[in-house]
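Report on the following structure.
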Protein chains: 6
Amino acid sequence: MYTDLPEGELRQYRSAQTDPTDFDDFWARTLEGSRVHDLGVKLEQVDSRLVTIDLYDVTFAGFDGHPVKAWLRVPAGTVASGRSLPTVVQFVGYGGGRGHEFENLLWASAGYAHLIMDTRGQGSGWSTGSTPDPVGSGPATSGVMTRGIESPESYYYRRVYTDAVRAVEAARSLPVVDGARLAVLGGSQGGGIALAVSALVPDVAALVAYVPFLCDFPRATVITDRDPYKEIGRYLAVHREASAAVHETLSYFDGVNFARRASAPAWFSAALMDPTCPPSTVFGAYHEYAGPKEIAVWPYNGHEGGGVLDEVMATEALAGMLR
Amino acid sequence: MYTDLPEGELRQYRSAQTDPTDFDDFWARTLEGSRVHDLGVKLEQVDSRLVTIDLYDVTFAGFDGHPVKAWLRVPAGTVASGRSLPTVVQFVGYGGGRGHEFENLLWASAGYAHLIMDTRGQGSGWSTGSTPDPVGSGPATSGVMTRGIESPESYYYRRVYTDAVRAVEAARSLPVVDGARLAVLGGSQGGGIALAVSALVPDVAALVAYVPFLCDFPRATVITDRDPYKEIGRYLAVHREASAAVHETLSYFDGVNFARRASAPAWFSAALMDPTCPPSTVFGAYHEYAGPKEIAVWPYNGHEGGGVLDEVMATEALAGMLR
Amino acid sequence: MYTDLPEGELRQYRSAQTDPTDFDDFWARTLEGSRVHDLGVKLEQVDSRLVTIDLYDVTFAGFDGHPVKAWLRVPAGTVASGRSLPTVVQFVGYGGGRGHEFENLLWASAGYAHLIMDTRGQGSGWSTGSTPDPVGSGPATSGVMTRGIESPESYYYRRVYTDAVRAVEAARSLPVVDGARLAVLGGSQGGGIALAVSALVPDVAALVAYVPFLCDFPRATVITDRDPYKEIGRYLAVHREASAAVHETLSYFDGVNFARRASAPAWFSAALMDPTCPPSTVFGAYHEYAGPKEIAVWPYNGHEGGGVLDEVMATEALAGMLR
Amino acid sequence: MYTDLPEGELRQYRSAQTDPTDFDDFWARTLEGSRVHDLGVKLEQVDSRLVTIDLYDVTFAGFDGHPVKAWLRVPAGTVASGRSLPTVVQFVGYGGGRGHEFENLLWASAGYAHLIMDTRGQGSGWSTGSTPDPVGSGPATSGVMTRGIESPESYYYRRVYTDAVRAVEAARSLPVVDGARLAVLGGSQGGGIALAVSALVPDVAALVAYVPFLCDFPRATVITDRDPYKEIGRYLAVHREASAAVHETLSYFDGVNFARRASAPAWFSAALMDPTCPPSTVFGAYHEYAGPKEIAVWPYNGHEGGGVLDEVMATEALAGMLR
Amino acid sequence: MYTDLPEGELRQYRSAQTDPTDFDDFWARTLEGSRVHDLGVKLEQVDSRLVTIDLYDVTFAGFDGHPVKAWLRVPAGTVASGRSLPTVVQFVGYGGGRGHEFENLLWASAGYAHLIMDTRGQGSGWSTGSTPDPVGSGPATSGVMTRGIESPESYYYRRVYTDAVRAVEAARSLPVVDGARLAVLGGSQGGGIALAVSALVPDVAALVAYVPFLCDFPRATVITDRDPYKEIGRYLAVHREASAAVHETLSYFDGVNFARRASAPAWFSAALMDPTCPPSTVFGAYHEYAGPKEIAVWPYNGHEGGGVLDEVMATEALAGMLR
Amino acid sequence: MYTDLPEGELRQYRSAQTDPTDFDDFWARTLEGSRVHDLGVKLEQVDSRLVTIDLYDVTFAGFDGHPVKAWLRVPAGTVASGRSLPTVVQFVGYGGGRGHEFENLLWASAGYAHLIMDTRGQGSGWSTGSTPDPVGSGPATSGVMTRGIESPESYYYRRVYTDAVRAVEAARSLPVVDGARLAVLGGSQGGGIALAVSALVPDVAALVAYVPFLCDFPRATVITDRDPYKEIGRYLAVHREASAAVHETLSYFDGVNFARRASAPAWFSAALMDPTCPPSTVFGAYHEYAGPKEIAVWPYNGHEGGGVLDEVMATEALAGMLR
């Protein structure tokens, strides 16, 4: 059943989220603070049993110089050939990591350079990661959503979004990547991160966000009981007096506010039966998105959204956007 | 938590399933009956956006000549090159189908010819299929497990296993397939089908069965409440008087009985927290398996079993078996 | 809690379902196609231990001449007496069958001839059936709701509704049945079938539909997560591109469209806490119903609706309608 | 899945329940105490719409003279004919009541006089009752299982079992009842009550107990989490110090102890997947049953047991026992 | 997620509950009827291991003179000192009782005389009670909500509310209690009882009702599926014809109607994610409350409401109200 | 229902957990490492509204000198009086914190000095905390159980157990604490921590561990599906190859191994229906406990164990042990 408004009302819905006045300053300062560290990109080819794809273990300096891991996949022999390729930088869904060598073969098989970044401290859920988050936190609920939520400076996603910006910079430092034809892409949390990057790195060539998470927190935290949004509600159910401060923190990380600052062509998807990232929260960001944009609406799907069809449509869209 | 016996007891457990006396006759007759139809293999290359893999839409005549669909994937250019490759014929899990063009890229990326067969009448669950089952059934519970269960002749899996045998024959008819280096492989239902084929096509070179389904029905139907085994229990809860006949039918389709007739080197996996295919049912088949065999035991996993590690270990194992 | 609109809004609600232009043609063709087969009604008295009721095992030719089973119950000695009785032809709920000899004694005990028809391929759920559905299907989700849903011609309910029309014809062929005083009746799926028959056999004398299923598919498929409506949603969640075609097929089988063509006096019921057949879908059909009509609304009930009180009120209503 | 021991072990299992030394005294005193009140049987014919069955509203004096309601059903015209019939006195399952006039037509249709008794204070669950329990209770959990559980004298089932004994006496006072051919019968709670009556009224001619409740409390309260046994566990989870006293009380009401005192031929059933009345608790009573006995074991059923087949088999059994 | 209207709409919502014309008469008669019995307050000091608090076991005559238990707690030595204290009379939540000697230490620790009353027949849930309800009931669902619901005279809460009025009278009879500075207080059911008392004992000095239950039955019974409101719905699902009579009974016990008659300063709380006592039902009473009032709204909480913060805020409020 | 072995078998059960050879070294090194930091105990009286208890906000240097918060509660005026009291140092359950000023009044009300310590990084669940954990972690599942689980050095509980040892040292530094009569106490996680402290601070005078957590990991991780033990299983389901290393880490933190090193008189409790800390895991530690010991077994309780009765019995036990 629909978990949120029907499509007609979604087309009218607008988020109530507002911009903190120092939003741009906050992020400018944050990125500067990490750019004092050298990117330090390391590439190590991995001898997997795959014959059509070359795989590289990537490390670069993310937030505050912390090492962050990623995989780079390219069609076999590309690096040796000296060619540069249109590129997809992918961020992953909540709980997962960059995964195993044998996973995520699509984008390289489709002829892209494909960098998939670990999400720090995650990677013990549906796929594995190898990147620690060396920063602790105050009292928090299970999960990462409330780590450091006491202030924008200490909030977990400050580190993650910065890592993601650095991942784009790391990719662009590689000869095999055609930096002018680089898209950021992801589903769920990955889509939310990609959306943030599309604002923080304004010259990315395209954004793809499937059923993005991390959007429209004021509404998201009261219309679903599913994790991970519910982690915030669970925190506020105990830290009852912290509601204003928490929402103040979240406003620095809300896809709605990033959307207002983006300009790259974008492709979104939303699912009308999604209990995890209810479609109004996606439309909340989509409507604010300042660049050219399209959205696919899946009426009978939950958080899986369009599934492989999201990828098919993204492939079509990127073929145009990265021409 | 463990859903079944601890590993020590699994190593001792033996299935109580017995062979119907005309088991071999039944299957000989069944296969003969379908072989009167020409295999009629049709291959049509599909123009996907993949650059490293060539994809072919395959149709062949399965049980009773009914058309069955599959995908063939090979590293790009292999067909044109005239080379033949070691081959994986894969069967899929319950409810799924051969899937989308963009899915299941692993085996071709690893250098194999890879044929993945639709399961007739399925393919509306977690992945899509395109193959109808043109045969009706008596009163049945939801799902396919009790269709035609009144007799071995009418039982649904008689058609499916025959399709699977024909899929191997179809694969072997192709120049790109090295028929002497052909493995049958699958997880869950796909593993159960592969196990049946390993007995019905005795010269396949290898069997890989991850957490196989369709094994040890006498025990499986009383130790789990999960579908699809539970479909049978739900049927017998209503057709209370049919228990003996139903178990008679099932004995013609039980992996335990096929295992006794197989000879190819085999790699199995089982998971100690699997509520869907409890590990004793897998061990029930494994212990009877007459060929060389290995089994991976995943202590903390449910029906996902080893996940991508099952594939990694299968890749290792096949590298040896198909040398 | 209410699972749908409150009663005031239900009284205003109108379904958005529309008639396909060839709806009447489709059904005329369908019925003609099956009427080429002789009805071939067979009656066999069964020696049960009941002393107040005579029971007959009935077989007749349904869709495409396929044999369909039913029970006929009459007060003991009625057939021998040569009398004809007012008659109830009953269709059963999803998953059930005509049941056991000892079940469904009400209508004969109340002085009616009572024919209760099997639903082909069902009868392994809460009650048993004996009628196979000899027609296969394309890839489908578990259950019957998506079998043959690719087109109206192949859809499962085309066969069922035709069986039901033939059941009325079979009943009327019996001397013990007073064909002018014949009601069609059922609950849930049985109510949906009865509603279809009330339109396809316009001279039935009465319709009783308790909490009917198979009504107002465009709304039903998006406002509940319960089977069997959800089977359709599950199909469309995978066959994402098939939504328009599926809804086109369903429009030929929607009680809303049949209601517009009926003329017999009708008694409906709906329950405000029904999660399976939400009351708006019932009202969707009820409001379109073209004959004289009444509806009982049960505010605190789920899909059990009025339960035995539905039967009591139906008995009252039929006493008037079949006078 | 099996909810308890497999059948082989059930055949060996013996209950640990023991007899309180004054068990027989307690019940002799209890029945005497109520027999000081006149039975005061009142019969009032009800004008239902049924034509094959005559229905009478029955009231009699139960425990302590409290009025208890029942329905009497006989084939139409029997009372007028002056005949007496073999008789079934039925007790109902937990939460239900004697039900509606249209329900429970089987036994009269099969030629029996059929008295179905309300369970005091129940009858607001799956079927309705009209008999209050005018006695209050100490602090109790929801449901009736812990009302008055502080002592055998105050326990709720002391009143219910006494009502049931009085129901047999009331039935036997009626000319239409052949008191020598009287069976007590019931399912679940009704089976437990019938079992108690078979010991307290030693000359009943037969006992039928489908999946009986109220048996083997020491085991029942620790091997299932389902109500109503769990009501006792929930009470003891709070009244932690009351465990010994509660089990002392229960020993006066345990079917195991009644079984040791019964002598009528008996037919039991048990279901191997029954989570409500796990089969070992039924076997606990069955093994102690002192009269001739049979038990049907349903391997794939839950608490529905044999369903209508239990009734079919009971009909067969009673045909023999009440000859 | 919100379980009911958002706060803006709650501020506008008004209950549809109406006053029965003889509401005041009914309660006047009821209280008079019980006041013919002497209060008979008994106090017995209990030798617990607590050193800062003196504990007394209290018994008084409640409804119809039935003995009701409570605990009195005061700071150690207060009674001996002859001082009188501001007082909190507390009623407890559904299923609980006055609890253990070691529980509920807050109010005495904060310097109040604290009387906490058992709820008759309850006290076997999350905390224990010792007060029986010696009155039986008609057929009822599990729980107390439908006991005696056939009429206001027989309804369970008639007895409970009367007990509560008598508890205030009992408290006021004690020298250690300053009767002019007496507050009634409770959460959930306790809040509903306190609300009733605030109308029935108009000179209490303050009311504190956390997430009160027993308010706005017409809406409460249709917008939640949680017990205890659902007990009523479950009853009406079976006793379908009793709806009007049941709602007539409930109107004599609805906090909305009591609120219209109260005058003491009041402090309420409501929680926007409360599935048990949905906030509109609390606001339904709050808006009608005729005395000075405040309400705390907890946006991210369920039925726990403000938890210890409700107590903190109540302490603040009482410090003012009982000055 | 029982979630584990019956009591008879629990009395026989012995854990298979073994001691790592450098267990004692590891802990000696760990404590030394933190003792280089000054304890730095800070006490600040808090002006709560309580009149019988004085409350102090405590801060001390825990693991690696990190500041850790606690509350100290004593009967009002004790500090001013210069007396020293028997003392309870309490650790709290998983997810909670030291809580609110108004909570946990029991031990001070009973005449003890009561120090209740925050668990770092927790305190956003059922009660609040104020102590951050400034140390990050590798990829981890939600919750704290797998943070730093890659090695004993980095494991989360290394920091927590050290904090707890330091809490005892902090308490003993206070004049109001009689260090010779100091007990460590807690339930669930708090019990597990207390058990560790009883070994690491061998001269504590008593241990109270209600239904302790953190015991017998080899068994605990395979016999329950409840968090928090399941967090480890969830981690190992993804990090399949890490099982040996994870269990190696856990062996340094297992209550079974600490129990072997303790000598203080101890009081344990276990509950036979506990799904969170199954009783065999408690008995696993209890049987190894090297000091004088008792255990209360609650047959009908889940993880709430004896609830307030655990506290009552602990009060009795401590009255003896701390004499």
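Placement of Cβ uses the backbone N, Cα and C atoms for every residue, glycine included.
These come from TrEMBL:
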type: DOMAIN; residues: C:3-311; note: domain 'Acetyl xylan esterase'
type: BINDING; residues: C:Tyr94; note: substrate binding site
type: REGION; residues: C:123-144; note: region 'Disordered'
type: ACT_SITE; residues: C:Ser188; note: active site, nucleophile
type: ACT_SITE; residues: C:Asp274; note: active site, charge relay system
type: ACT_SITE; residues: C:His303; note: active site, charge relay system
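All features noted in TrEMBL, drawn onto the structure.
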{"residue": "C:Tyr94", "record": "substrate binding site", "DSSP (3 states)": "coil"}
{"residue": "C:Ser188", "record": "active site, nucleophile", "DSSP (3 states)": "coil"}
{"residue": "C:Asp274", "record": "active site, charge relay system", "DSSP (3 states)": "coil"}
{"residue": "C:His303", "record": "active site, charge relay system", "DSSP (3 states)": "coil"}
Inter-residue C-alpha distance, C:Asp274 (active site, charge relay system) and C:Tyr94 (substrate binding site) (nearest angstrom): 15
Rounded distance in angstrom between the Cα atoms of the residue listed as 'substrate binding site' and the residue listed as 'active site, nucleophile': 7
Close approaches to the region 'Disordered' (C:123-144) from elsewhere in its chain (Cβ under 8 angstroms; 6 or more beyond its ends): 62, 66-69, 92-100, 103, 150, 154, 156, 159, 227-228, 231, 234-235, 238-239
Local confidence of the prediction over the domain 'Acetyl xylan esterase' (C:3-311), expressed as mean pLDDT: 97
Least Cβ-crowded entry, counting other Cβ within 10 Å, from the recorded positions listed as C:Tyr94, C:Ser188, C:Asp274, C:His303: C:His303
Separation of alpha carbons, C:Ser188 (active site, nucleophile) and C:His303 (active site, charge relay system) (Å): 8
Tally of DSSP helical, extended and coil residues in the region 'Disordered' (C:123-144): 0 helix, 7 strand, 15 coil
